[in-house]
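> Here you go, one structure.
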Amino acid sequence: MSILQNLKRRPAQTSRSVRRTSLVLVAVLALYALLAAVGAVDGAYLGQGAVVLIAAFGAYGLNLITGYAGLASIGNAGFMAIGGIIGWSVLESTGSFELALLLGGVAGLVSGGIVGAIALRWHGFYLVLATLAVQAIVVFVLQEIQLAPGSEYLAGFTFGPMTFFGVDLFDDTTWTVLLAVLLAVVVLLIAGLVDGRFGRAWMAIRENERAADVCGINVVWMKILTFAIGSAIIAFGGVLAAAYAGSMSYESFTLEVSTSFVAMIIVGGLGSMAGPLLGALVVRLIPYVIQSNGNTEVGRALNDINGGTGLPFLQTILYCAIVLAFLVFEPMGLANLGNRLRGLLARRRRPGGGDSGGGDPGGGPPVPEPPRNDPEPVGAERSRA
Amino acid sequence: MGTLGAALNGVLLLSAIYALLSLGLVLIFRATRVLNFAAGAIGLVGAYLVYELSTIFGSFYPALVVGIVVAIAFGALIYLGVLSPISGARASIGASTDVGVVLGTIILAELLIAAVPFFAGSRGRPVDVPLPAWQWSAGGLTISSLQIVAFVLMIAVVVGVAVGLRRSPLGLRMRAAADSPRLARLNGISTREVATVTWALSALVSMLGVLLYATSTDLQPASAAGLGAALFPALLLGGLDSIGGCILGSIVLALVQSFSAVYLGGEWMAVSPYIFLLLVLIVRPQGFFGKAEFSRL
């Protein structure tokens, strides 16, 4: 019953907030690009900003897969590597960066489709295993190419000079503008998907797959398609990441990189429009924060536990702890902060007002809080007492 | 014979390692339907502790006993402190499968693998198990007492767990909770308690697995992380919820890995489990003994 109700009710309710959030995001990106273009952003921050923006592509792609379609995946680095290497070879052979971006994305779409078709036929966690395998295999292939006897790519695959529709990409300012524009396009694309048939299907599938099937949604096809689109965005981000860095090497596509994208979407908020960007910001900036505090009293004390080489470990520990705290205390992530604040204010205004208790936001209506009424308990339902 | 012997070298030990680790995963999957990505990391913590204690005590076996107790407590603590709260909060993520908990184990694995070298330093540690030195070799094949002990230990643990599940009252509760959590709860079984026990047990067998691993290679955080990920084909081949299947899957995985290393080259050692994993996913994702839930394509 709930599905039929939700199919009618939810989209109307959420589409407004999706559209509004995506427009706010586009405005923020435009403002940032503008500030960067007129030179109002300090040069030191531009580089970090570009890193955050690049990470946001991967986070948006993964959020489509995990947040909206509810499929766990840890293959981000693998698909970024696919995009990067395809983009590199296209740029190398044609000299066109636009084509490199396009074909890098297409490579992600195709490989995502294949992996999805393999892993999503069955109900369960096969996708997360398949993406794990893809990641390892892609990195292995890159490594074999790079370290082959007589290879000319020992130091990595280097990107030559690039132009994007006539604009030379040589400094952080132009890169920032380009990245912001492309990210805005991706955000609008995703908002369009969430707001349309895809979004309704995702919601139905997330709540109850069998009921979604009965409603005429081809669940498997929908999942494969979503995974392919998400992978395309991730691979697109992979081209950008490699091109921005100037070269790519198999060593930079580790499982930790994939995990950091998982961390971003959790911290930002699974299945939210603003989440991936917020998550990318937080997760990519934690290392800088720790680095800059490494010489304070606390930093030195912590570093001494390890004997002086603990900073990288400390970064990982801290950001993992933050992510776990988000999973426990605020599973809807930073994107829900607005609702939380509004809920707090509303409660203060009418003391003793009905609070649903638990971790639910007090009175913020826009973010859907799906009721759990599936007849068959799946997953952690089992582990809950 | 020489190459074949070399290929078979170490398969006993490797399959024992994989079987112990995947046993932990099977137990957790049965009890909570969660794929635990942190098995290698949890095992690593226990194994490090045993190493440190054995250097403090000056002998291995007392350290092992203390390590076992701590590993059990650690496993229970991880479930109660981290994963149970996540699965409780997960409802609001809105994913029908508990994606949140799986993501939680991935993050937890990374946390533990960074925490161990942070507190203990990142040099490798060889674990030396005092055993009578004995070995038998033919061609390139060498079988040492350690390998035999490892394999026998693995068989004993797996059979022990299987019998325990079948015969003991606790095992009955665990099977009931795995079978139908809702009915089990209606019959007064605390699924939370069952899950806690399962995680504790799983941490114990993971620790034994990583400890065995550390007898052949230095104990290092990165390698434990790889171990935690590389064992999934074994798990998948056996069927995610079959205890007997995980032994078979582990032996096959160990053979695949060892043969590919000998016949294709050492660099294939690390990647062959994943190629194998993809092949299993294509051909028979439900494994040999598992129950598959089909979606329609």
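Including glycine, each Cβ sits where the backbone N, Cα and C put it.
TrEMBL labels come from automatic prediction, so no person has curated them.
Note that the structure is a prediction, hence the values are computed from the model and not measured.
Pulled the feature table from TrEMBL, pasting it below:
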- B:6-27: transmembrane segment (TRANSMEM)
- B:34-51: transmembrane segment (TRANSMEM)
- B:63-87: transmembrane segment (TRANSMEM)
- B:99-120: transmembrane segment (TRANSMEM)
- B:140-165: transmembrane segment (TRANSMEM)
- B:194-215: transmembrane segment (TRANSMEM)
- B:271-289: transmembrane segment (TRANSMEM)
> Are there residues at least six beyond either end of the transmembrane segment (B:63-87) with Cβ under 8 Å to its Cβ atoms? List them, or say none.
32, 34, 38, 42, 45-47, 49-51, 53-54, 56-57, 98, 100-101, 104-105, 108, 192, 195-204, 206-207, 211
> List, by number or range, the same-chain residues at least 6 past the transmembrane segment (B:194-215) whose CB is under 8 A from its CB atoms?
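For the transmembrane segment (B:194-215), the far contacts come to 13, 16-21, 23-25, 27-28, 30-32, 36, 39-40, 42-47, 50-51, 64, 67-68, 71-76, 78-80, 83-84, 125-129, 146, 150, 153-154, 157, 161, 170, 173-174, 177, 184, 223-224, 227.
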> Which bits of the chain, at least 6 residues beyond where the transmembrane segment (B:6-27) starts or stops, bring a Cβ under 8 A of a Cβ in it?
35-36, 39-40, 43, 139-143, 146-148, 150-151, 153-154, 157-158, 161, 198, 201-206, 208-210, 212-213, 215-216, 227-228, 231, 234-235, 238, 240-243, 245-247, 249-251, 253-255, 257-259, 261-263
